[in-house]
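Chemist: This is the feature table in TrEMBL:
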BINDING   Gly534, Val535, Glu536, Gly537, Ser538, Gly539, Lys540, Ser541  ATP binding site
COMPBIAS  1-16  compositional bias 'Basic residues'
COMPBIAS  764-800  compositional bias 'Basic and acidic residues'
REGION    1-25  region 'Disordered'
REGION    749-800  region 'Disordered'
TRANSMEM  92-115  transmembrane segment
TRANSMEM  127-150  transmembrane segment
TRANSMEM  162-179  transmembrane segment
TRANSMEM  185-203  transmembrane segment
TRANSMEM  223-247  transmembrane segment
TRANSMEM  259-279  transmembrane segment
TRANSMEM  317-339  transmembrane segment
TRANSMEM  351-369  transmembrane segment
TRANSMEM  404-427  transmembrane segment
TRANSMEM  448-472  transmembrane segment
TRANSMEM  484-505  transmembrane segment
Amino acid sequence: MRARYRARRARARRRSRPPDPPRGCWPARRVPWVGHRSASVRLPGARRPRGRKGAVITRESDASGAALGPIVTSGASRSAYRHLLRNRNYRVWFSSALLSGLGDWIGLVALQTLVAGLFADAGEARLQLFALSGIMMARLLPSLLVGPVAGVFADRYDRKRLMVFTHLGRGTIFVLIAFSGDLIALFTLTLLVEFLSLLFLSAKDASLPTIVDRRHLKEANQLNLLVTYGTLPAGASVATVMIWFAGLLEVIGLEDADPVIIALLLNATTFLLAGTLLSRLHLPRQERRAAPEERAGLVAELREGLRFIRELPVIRALITGVVGVAFGAGAFVSLGPAFVTQTLERVEADWFILMTSLGIGLVVGIGLAPAITKRLSSERAFAMGLVLVPIAALVTATQSNFTIVLGGGAVLGSMVGFSFVLGYTLLHTHTPDDLRGKTFAAFYTGTRLAMFAALAAAPLVAAVMVRGTLILGEVLITWSGIRITMTLAALVALVSAALAGRSLWRAASPVRRPIELLGRSEVRTDGVFVAFEGVEGSGKSTQVRTLAERLRAEGHDVLVTREPGGSPVAERVREVLLDPESEAMDDRTEALLYAGARAEHVRKVIRPALDEGKVVICDRFIDSSLVYQGIARGLGEDDVAEINRWAIEGLVPDAVVLLRLDPAEGLARAHARRVELEGTGSSADRLEQERLDFHRTVASGYLRLAKVHNRRFVVIDASSPHEVVARQVRTGLHRWLPLPELDETTDVAGEHVPDSAPSAAAGAHDEGNSAVEQERSAINADDRVPPHDEEPAATDERRP
């Protein structure tokens with residue numbers, strides 16, 4: 001009876017058990033999984049056990065059902081690294097990268113030793129140095145020839161198969177290198193190895209974002225660089241241990257055991273094992289490959305990737321900066337052994353100590369990246385690290401104390417590791433998946449091109465410049481050609497890093513893209529749209545009325561409107577937005593209400609007037625939302641721009657008049673106006689009641705917008721008398737609304753304006769110019785429009 005009862009219970013459990021997970025993945029109730037090809041929302045049975053914190057991994061899909069990527073909801077006790085290592089696909093990827101990274105450094109040390117041994121009898125240090133530089137150039141030459149094409153392969157063909165093939169191929173070639181004693185054969189085999197390495201690196205870096213959550217991409221890149229470059233000390237140590245191992249083999253009877261051959265065979269073994277591991281990797285399906293007749297050629301795809309890099313300033317600055325720093329690093333690597341043995345007069349073993357110090361610094365720098373980026377944006381932190389790399393190299397090259405050189409090498413390594421973590425992350429962040437392979441291929445090509453140039457030029461320059469003397473007053477400083485060459489290379493890298501860092505620092509500012517992006521399908525109308533912007537109390541309403549009266553006198557059909565408001569529905573929204581009793585309104589609600597009122601305003605008032613050819617003058621428009629809600633409220637310009645994109649339907653002002661004024665003075669003006677009109681100063685609207693710091697942030701945000709969008713902004717000093725400001729406004733708008741007295745072929749500043757129609761004032765040219773000169777003379781030097789990049793002297797504006 002009891003046996004039958006147990007059998008029934010077992011059958012019931014089997015019937016109620018959830019289906020098995022896809023092959024190669026653990027059940028979600030035990031270990032979350034990422035990267036499977038299925039786009040199901042949740043793995044059957046993927047529920048968090050009671051009383052335990054953990055992570056449930058789902059997949060987000062778009063409207064068409066295409067998987068957009070894994071979404072991770074993590075428990076508070078789970079770190080990003082534990083999430084990564086609980087991902088089976090990433091564990092396979094990470095283990096393979098660890099083995100191949102270790103093998104790369106073992107092979108580098110062993111190959112250098114093998115090449116140097118071929119010239120051991122020559123007794124010529126320079127010849128050995130040139131031989132080592134030659135083998136390093138052989139490692140970099142394929143990147144110059146086929147580097148970008150490798151990225152095209154990574155984007156067009158199966159990345160998993162590509163990685164497995166390159167690993168197995170490199171392992172086989174290193175077996176051949178181990179038993180080759182001819183220099184030409186070594187160069188040829190090295191070229192083949194590096195060609196396969198290019199294919200592997202492009203496929204590896206392009207596949208990483210497809211198997212990890214994007215929120216953990218920075219940590220994944222950190223671990224990637226850790227196993228790639230942090231294994232440098234381990235690789236050098238293993239190569240050194242091979243000397244002891246060869247001695248042990250000689251003791252047991254293998255007298256011909258060569259530690260270099262043993263190290264190269266061990267290197268080949270690591271590649272073969274890494275390829276075997278990658279065969280178990282599960283990658284999501286790539287985009288459907290085009291049919292042969294649909295596929296663009298390799299050259300077309302390559303041009304697409306290069307065009308993407310050229311059009312995106314952040315990517316261009318990233319690659320430019322790293323390329324310049326790589327030039328300095330190439331000089332350091334090629335001249336390092338001679339620098340230690342000849343300039344510092346140390347033994348050869350000290351070069352390996354310096355390399356170990358450099359490798360330890362790499363590990364430390366990679367570990368510091370997440371902590372520093374919590375306080376600084378990734379762009380700015382990368383810019384700082386990029387500049388510190390050549391500074392550390394410069395200090396190291398100018399020192400004679402080996403202890404200080406070791407410290408400089410550690411700092412140099414830490415800055416290189418730190419910069420590469422952030423560089424990889426920024427490239428992944430700003431590059432779409434279909435162009436990622438080509439982008440990284442261009443990145444590797446540029447980096448290796450710079451290193452190739454340094455490896456080729458540095459020994460030649462050092463050999464020509466045997467010794468140099470620098471005279472500083474009564475002090476004579478004599479440097480060897482090696483030290484001078486390393487110093488010059490560091491200076492070149494410093495200039496490149498400074499230029500790239502400047503671009504990246506600017507890219508990290510809150511306003512990164514022109515406002516024209518709000519109107520990709522920009523509306524063309526027969527009228528002219530002018531918006532007035534500025535802080536509270538800057539005199540916008542007064543100047544709007546004055547400009548409208550003058551334009552009507554000149555014969556223009558003018559419509560004056562305002563925001564929020566302008567239409568019956570929008571005016572009701574205005575009452576809610578400016579009502580002091582609405583002070584508890586959420587910032588997002590405020591932004592949405594402004595966008596809703598703007599949509600009604602554009603559709604019912606502004607666009608019909610522009611279609612009729614009128615001049616529309618609006619008191620505030622889209623820039624107010626970008627500044628007040630995007631910057632001052634902290635919602636972000638991108639998000640505010642996105643919700644307004646639909647509201648304005650591609651309509652942006654032709655000209656924006658920014659009335660610049662100290663916010664404190666503007667609030668005082670607004671208070672005086674209320675006292676004059678209402679007899680009391682207690683009826684300030686909701687925005688006027690904000691703190692002074694809020695209004696200073698608004699003023700600062702307006703100035704930054706004007707700097708970025710200076711083609712449509714006219715900045716006027718609103719602290720001048722009303723009549724002077726009115727003349728400056730009318731003169732500043734001449735580009736869009738030509739002054740009637742002026743010949744239409746020349747603007748007020750003397751710049752040529754294309755002819756749109758024959759000038760009606762051609763017969764009165766002299767009289768028109770005379771009238772304009774009188775208009776100019778009325779504006780003295782103190783009242784002229786200030787440059788966009790100057791801030792009010794009386795303010796202490798704070799950046800948001």
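Backbone N, Cα and C define each Cβ position, glycine as well.
Could you give the neighbours, burial and distances for every feature on this list?
Modeler: Under DSSP, Gly539 (ATP binding site) is assigned to coil, being neither helix nor strand in the three-state scheme. For Gly539 (ATP binding site), the count of additional Cβ atoms within 10 Å of its Cβ stands at 22 [all protein chains shown].
Among residues of the same chain six or more beyond the transmembrane segment (404-427), those with a C-beta under 8 A of the stretch's C-beta atoms are 205, 217-218, 221-222, 224-225, 229-230, 314-315, 318, 322, 325, 329, 332, 344, 353-354, 357-366, 368-369, 372-373, 378-379, 381-382, 385-386, 388-389, 392-393, 395-396, 436, 439-440, 443.
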Chemist: State the count of C-beta atoms found within 10 angstroms of the C-beta of Gly534 (ATP binding site), not counting that atom itself.
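Modeler: I count 25 other Cβ atoms within 10 Å of it.
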Chemist: Between the transmembrane segment (259-279) and the transmembrane segment (317-339), are there three or more CB pairs that fall under 8 A, provided the residues in each pair are separated by 6 or more in sequence?
Modeler: no
Chemist: Around the recorded ATP site, report the further residues of that chain (criterion: Cβ within 8 Å of the mean position of the Cβ atoms of Gly534, Val535, Glu536, Gly537, Ser538, Gly539, Lys540, Ser541; site residues excluded), sequence-ordered.
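Modeler: Other same-chain residues near the ATP site: Leu659, Leu661, Gly666, Arg669, Ala670, Ala718.
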Chemist: What is the one among the binding-site residues Ser538, Ser541 whose Cβ has the most other Cβ atoms less than or equal to 10 Å away?
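Modeler: The largest 10 Å Cβ neighbour count belongs to Ser538.
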Chemist: Please indicate, using numbers and ranges, the residues of the same chain that are 6 or more beyond the transmembrane segment (92-115) and have a C-beta under 8 Å from a C-beta there.
Modeler: 84-85, 131-132, 134-135, 163, 167, 174, 177, 183, 186, 190, 200, 204, 207-208, 211, 223-224, 227-232, 234-236, 238-239, 242, 260, 263-264, 266-271, 273-275, 277-278, 280-281
Chemist: Sorted by position, what residues of the same chain at least six away from Val535 (ATP binding site) have a C-beta under 8 A from it?
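Modeler: Non-local contacts for Val535 (ATP binding site): Leu661, Pro663, Gly666, His695, Val698, Ala699, Tyr702.
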Chemist: Test of understanding: give the count of other CB atoms lying within 10 angstroms of the CB of Lys540 (ATP binding site).
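Modeler: Within a 10 Å radius of the Cβ of Lys540 (ATP binding site) lie 22 other Cβ atoms.
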